[in-house]
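Undergrad: Here TrEMBL flags 7-29, 74-96, 117-137, 143-161 as transmembrane segment.
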Amino acid sequence: MNLLLQLFFDFFKIGLFSIGGGYAIIPAIRDQVVILRQWITYQEFTDIITISQMTPGPLAVNTSTFVGMRVGGLAGALLATVGCIFMGVVITVGLYKLFSKYSYSAYFKEMLKGLKSASLGLIASAAAIILALAFFGSENIKLSALNMSSVIICMTALILVRKTKLNPIVIMILCGMINVII
């Protein structure tokens, strides 16, 4: 299959079967583009996630765009992005209609609680992947591979987010500068 069509259909599947938004979609993108297709390396994927977080807009859309650009140029970026959001838009319109009609139903409210729990699990999975890649350089966690500067940067960012009102972009820039010093 043509690479551009493959990009579209792969991101279409990712967008269709990923529930929970940006961080929840990261494992699906990783599985497709790093493990299955081997279009990019783990390191490139980590770099793309980092850049996608710093770029305005939804993480899933930014990640799709950057992966598409890396793999298929401008046309790849466009097709990966459209593929990723297409079913989300269709499903959102459908869910809006359902929500408008059944929002007072006890069954509907219970279903939403289940979806929230599932989304949390997907987000936790994405966090574990990002943490392993940042701290150990791969998903294989070996204490000997622990990158202490990454741990220090992460803890610094966590403390700054929780204890100050600094803009996240400022925190990322500060942590980048700390890493240069370390």
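Quick reminder: no glycine exception, Cβ is built from N, Cα and C everywhere.
In terms of burial and nearby residues, how do these features look in this structure?
TA: Remote same-chain residues near the transmembrane segment (117-137) are listed as 18-21, 23-27, 30, 42-43, 45-46, 49, 145-147, 150-151, 154 (criterion: CB distance under 8 Å, separation of at least six residues from the stretch ends).
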Undergrad: Mind checking which residues of the chain, 6+ beyond the ends of the transmembrane segment (74-96), have their Cβ under 8 Å from one of its Cβ atoms?
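TA: Apart from its flanks, the transmembrane segment (74-96) reaches 3-5, 7-12, 14-16, 25, 60-61, 64-68.
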